[in-house]
Amino acid sequence: MFDTVCTLPLSADLFSQALHPKEPVVSVGLSSGHVQTFRLPSDEVDSDDDGASTSSSRTGRGHIDTMWRTRRHKGSCRCLGFGVDGEMLYSAGTDGLVKAAKAETGVVENKIAIPLDKNGSVDAPTIIHALSPQTLLLATDSSALHLYDLRIPYSKVSARPEQSHHPHDDYISSLTPLPPSDTSTSGFSKQWVTTGGTTLAVTDLRRGVLVRSEDQEEELVSSVYIDGLPSSGTSRGAKVVVGGSGGVLTLWEKGAWDDQDERVYVQRESGGGESLETLAVVPDDLGKGKMVAVGLGNGAVKFVRIGANRVVSEVMHDETEGVVGLGFDVEGRMVSGGGQIVKVWHEAVDSGDGVNGNETGGKRAFGDDSDEDSDDGDDDDDSGDSDQENKRGDARKKRKKGKTPKRGGGQAVMAFHDLD
């Protein structure tokens, strides 16, 4: 279904990945505290001397450019997220800080101190999400969900969230906004679904936590919203798809949040399946129908057709490291991240019905990163040695980090501009 365009090596383990909403740009947050932003080769069509049209990204002649790179956090960068218009990039780290930087340059414009936990210790972040130009959501290890009004000029001394909720007993593992209602005047979401521990919850911007599901007796780790499904009976044609730690996808009917209504076995294994770490909706023109890409803890990416509720294809991101980041850029290319690599994939030319057999990635590997700890293009003063990680929080959130990274060998190496 997908072929690899390129494999991009990183200087440390990937902890977070974010795709720009309007441009072919990907940002990564690393265990070392670095944040790096890349511009991917455009999928624009070029004509050669024979009049044949080819895409530079498909032929491998395009360049991946490093827009900027900096040591953003003293500790690991746990999570990243672009603003709704793509102008700002928000990062949060185990140093207890949220930083808002210009996406184009990496220059920090604002900092927010994360509230301490009840013991007075740093409450490490798990998720950051810009719900609208006005509202930033931040989840932490202590199960807190903080809401910040971005119109207020915060300082790291006086910053306080406008609201704080605890929708789950355990840390929040995923957050998926629900689309605005038909009567919305702003056009931005005001409700969102979260997973944490063994429950799913729905929270409203004004009314707080609305509902929490029954105990699912399985850890829920990822979620995504999908609409455009057939409507029949009580079905509204929209569902939230949730990935579990035991290899099972559960489908939740929108508005019926007490319990799941369908199950899809993605990875069956004796003693329990692989954790479904991250989910992404496949664009309709690529998926040949409603489809969800599932990043697994064993490094595979599987494609599940919703409706038929079965796995139809699979590719391999990495043989030893789990998939941490997964999404589709504005040009429809899949971007997967995990371990110390990011891979960019395009639709296979011979994909036909959208289903290929087991494909392995890494057809082209671009040149390695020189990984100098420079802050070029950034006026932030983040420097010095890394503080010790919050070992408990990182080990809990990144269950696959104990594995030894395995770098692929024997791959062709292609040079490109401005990697560092």
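Each residue's number is its place along the chain shown, starting with 1.
A Cβ is built for glycine as well, from the same backbone N, Cα and C atoms used for every other residue.
Listed in Swiss-Prot for this protein:
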- 9-48: repeat 'WD 1' (REPEAT)
- 39-63: region 'Disordered' (REGION)
- 72-111: repeat 'WD 2' (REPEAT)
- 117-158: repeat 'WD 3' (REPEAT)
- 221-262: repeat 'WD 4' (REPEAT)
- 271-314: repeat 'WD 5' (REPEAT)
- 318-355: repeat 'WD 6' (REPEAT)
- 350-420: region 'Disordered' (REGION)
- 368-387: compositional bias 'Acidic residues' (COMPBIAS)
- 394-406: compositional bias 'Basic residues' (COMPBIAS)
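Helix, strand and coil content of the repeat 'WD 2' (72-111), in residues and according to DSSP, is 0 helix, 22 strand, 18 coil.
A Cβ distance under 8 Å defines the sequence-distant neighbours of the repeat 'WD 3' (117-158), meaning residues of its chain 6+ beyond its ends; these are 78-85, 88, 90-98, 110-111, 164-175, 177, 186, 188-190, 192, 194, 196, 203, 205, 390, 392-394, 396-397. Looking only at the repeat 'WD 6' (318-355), the predicted model's pLDDT averages out at 88. Secondary structure of the repeat 'WD 4' (221-262) per DSSP, as helix, strand and coil residue counts: 0 helix, 19 strand, 23 coil. The repeat 'WD 1' (9-48): residue composition by secondary structure is 0 helix, 22 strand, 18 coil, according to DSSP.
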